[in-house]
Structures are given as structure tokens and as C-alpha cells.
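Enquirer: Grabbed the feature section from TrEMBL, which reads as follows:
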- D27: active site (ACT_SITE)
- D27, E214: Mg(2+) binding site (BINDING)
- 28-32, R40, H44, 72-74, F76, R78, R195, 201-203: substrate binding site (BINDING)
- N75: active site, proton acceptor (ACT_SITE)
Amino acid sequence: MFFKKKRKIDYDLDMTNIPKHIAFIMDGNGRWAKKRKMPRTYGHHEGTKTIRTLALEANRLGVKAMTVYAFSTENFKRDASEVEYIFKLPKEFFNLYLKELMDNDVQIRYIGHLEMAPIETQKIIKDAIAQTAQNHGLILTFAFIYGGRDEIIEATKDICEQYKNGHITLEDITEDYFERHLMTKDLPPVDLMVRSSGECRLSNFLLWQLAYAEFVFDETLWPDFDEERLHHAIAIYQGRERRFGGVLK
Ligand code: IPE
Ligand code: IPE
Ligand code: MG
């Protein structure tokens with residue numbers, strides 16, 4: 001029997017400075033598959049295993065929230081067959097891992113336009129959210145059919161409605177108030193954003209929320225991203241000096 005050898009994780013993490021919220025742009029599934037002369041969908045299939053691995057490890061480290069970018073509003077530009085395949089992945093993911101995530105007290109949440117997904121996909125995701133709603137461990141949020149610009153426009157529309165109906169005045173529209181209209185309103189601020197596959201851009205992810213996050217861009221393709229890479233990203237985060245516009249004394 002062949003067992004994959006686990007790499008040693010030797011980053012000396014400061015357990016008092018673990019990021020509360022880590023957001024991942026899960027990129028490189030297609031290239032990972034292409035390197036193996038396999039269809040892009042195989043990369044997406046393998047990429048779901050990484051979500052499970054990282055969620056369990058993040059939970060173990062005491063990370064409060066982990067948000068994963070699974071499908072952008074722009075990803076509809078892809079071939080219909082690839083989009084259809086991606087929409088089937090939540091079922092595969094939760095069938096395989098929901099019980100284990102439940103056992104580890106992980107709470108599932110969602111941001112994006114769920115109503116645009118096939119009914120079956122909607123149901124699977126809603127069931128996972130309902131089943132895990134009382135859990136108190138890691139909050140694992142799927143950004144699925146999500147776009148940062150769209151989120152800001154949706155929030156703006158909500159706020160305009162409130163103003164039009166006379167519920168608020170212009171002075172009520174503060175940064176805090178605006179934030180409370182974003183899809184992430186119940187999540188802690190994002191401390192660390194990690195993008196795999198070497199691309200250095202946001203691709204419309206959490207545009208408002210990433211204003212003061214630390215960014216780590218890792219060359220690893222998403223299906224190969226593992227606990228060791230997570231520790232590496234956290235170690236880089238811990239080496240950074242966060243200033244939030246001020247001056248460190
Ligand atoms: C990320 O991998 C997954 C999604 C965007 C759904 P990609 O599919 O973008 O993989 P590459 O970037 O083509 O390698
Ligand atoms: C960003 O990756 C979207 C997700 C990871 C879901 P893309 O692969 O779609 O981004 P671009 O097109 O390279 O910017
Ligand atoms: Mg990509």
C-alpha cells in the first residue's frame with residue numbers, strides 16, 4: 001500500500017497572532033489538470049479536497065473564519081460544460097465532507113447569488129448551512145457566483161431604498177453602516193488574503209473587505225496547496241507589520 005508522505009511543517013507559528021479571517025482565491029485548477037494532460041474539470045474536482053484540508057487545519061489553528069472564492073460572476077464566461085461541472089461540486093463536496101466538518105464544529109456560510117445556481121445546488125448548500133448553523137468552530141464561507149463590484153452595488157441599492165423611504169439621512173451612511181449592508185456583514189475583518197497559482201490580482205474578490213488585509217501570493221496550484229503552504233502564508237503574515245495608516249511606535 002502506498003501512502004503519500006506528509007511534508008514536515010516547521011514554521012514556528014505564534015499562536016497568539018493567528019489571523020482571525022483568511023480569504024483564499026483558489027486559483028490554478030485548470031493549469032494543474034493541464035500539466036497532467038487531464039480535463040480542467042479534473043483540476044476542479046481535486047481542488048475541492050484542498051478546501052477540506054485547509055478548513056480542518058485552519059480550524060485546528062483557531063482561525064475564526066475562512067472564505068473561499070469558488071466561482072466569480074465573471075466565471076460564467078467559461079464553457080457551459082465547465083460551469084455545469086463546477087455547479088455540481090457542492091454536492092460532491094458536502095456528500096464527502098459535511099459529516100467530518102460537522103464533527104469538527106465547522107459552520108458553513110455562503111456569499112453570492114445563490115439564486116442563480118441550479119435548484120439542486122441551491123438545496124445542497126442551504127442544507128449544509130442549516131445543518132451547521134449551531135456550530136461554533138471555523139466559519140467556512142463559500143463565495144459562489146460572487147463578485148466584489150456586484151456586492152458593492154447591491155449594498156448601495158439597499159441603502160438607497162432606505163434613504164428613499166425616509167428611514168435614514170445622508171449622515172447615517174458611514175463606513176460602518178455600509179459594511180453592515182455587505183454580504184460579509186457577520187464576518188470578522190479579513191486579515192490575510194492568499195491567492196494560489198502565482199497570479200497577482202484580485203479578480204473582483206472582496207474589494208471592500210480587503211482594504212487593509214495582508215496579501216500573500218503563492219506559486220502553488222490550488223490542488224497542491226496544503227497545510228504546509230497555509231502555515232507558510234501565516235508565517236509571512238506574522239512577519240508583516242500592520243499599520244492601518246498609522247505609525248508604529
Ligand atoms: C480556479 O482555477 C477555479 C475557478 C476559477 C472556478 P481555474 O479554473 O481558474 O484554473 P486556471 O487559472 O485556469 O489554472
Ligand atoms: C478568480 O480566478 C475566481 C475564482 C478563483 C473563483 P479566475 O481564474 O477566474 O481569475 P482570472 O480570470 O485569472 O483573473
Ligand atoms: Mg484561474
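Cβ atoms here come from the backbone N, Cα and C positions, even for glycine.
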Enquirer: Anything from the recorded positions D27, F76, L202 with its Cβ under 6 A from ligand 1? List those in sequence order.
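Expert: Checking each Cβ against ligand 1, the ones under 6 Å are D27.
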Enquirer: Would you kindly give the Cα-Cα distance separating the residue listed as 'active site' and R195 (substrate binding site), rounded to the nearest Å?
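Expert: The Cα atom of R195 (substrate binding site) is 7 Å away from the Cα atom of the residue listed as 'active site'.
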Enquirer: Which ones in the same chain are close to E214 (Mg(2+) binding site), with CB under 8 Å and 6+ residues apart in sequence?
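Expert: In sequence order, the residues whose Cβ lies under 8 Å from that of E214 (Mg(2+) binding site) (at least 6 apart) are P19, D191, L192, M193, I236, Y237, R240, R242.
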Enquirer: Fewest other C-beta atoms within 10 angstroms of its own C-beta: which of the binding-site residues W32, F76 fits that?
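Expert: Comparing Cβ neighbours within 10 Å for the binding-site residues W32, F76, F76 has the fewest.
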Enquirer: Using Cβ atoms only, which residues of the same chain lie under 8 Å from L202 (substrate binding site) while being at least 6 residues apart in sequence?
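Expert: L202 (substrate binding site) has long-range Cβ partners I25, G148, L210.
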Enquirer: Listed binding-site residues: W32, H44, L202. Which have a CB under 6 angstroms from an atom of ligand 3?
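Expert: Among W32, H44, L202, near ligand 3: none.
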Enquirer: Scan G28, F76, R195 for binding-site residues whose C-beta lands under 6 Å from an atom of ligand 2 and note them, or write none.
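Expert: So the answer is none.
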Enquirer: Ten-angstrom check, please: count other Cβ atoms within 10 Å of the Cβ of G28 (substrate binding site), all chains counted.
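Expert: Around G28 (substrate binding site), other Cβ atoms within 10 Å: 24.
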Enquirer: In three-state terms from DSSP, label R195 (substrate binding site) for me.
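Expert: The residue in question, R195 (substrate binding site), is strand (DSSP, three-state).
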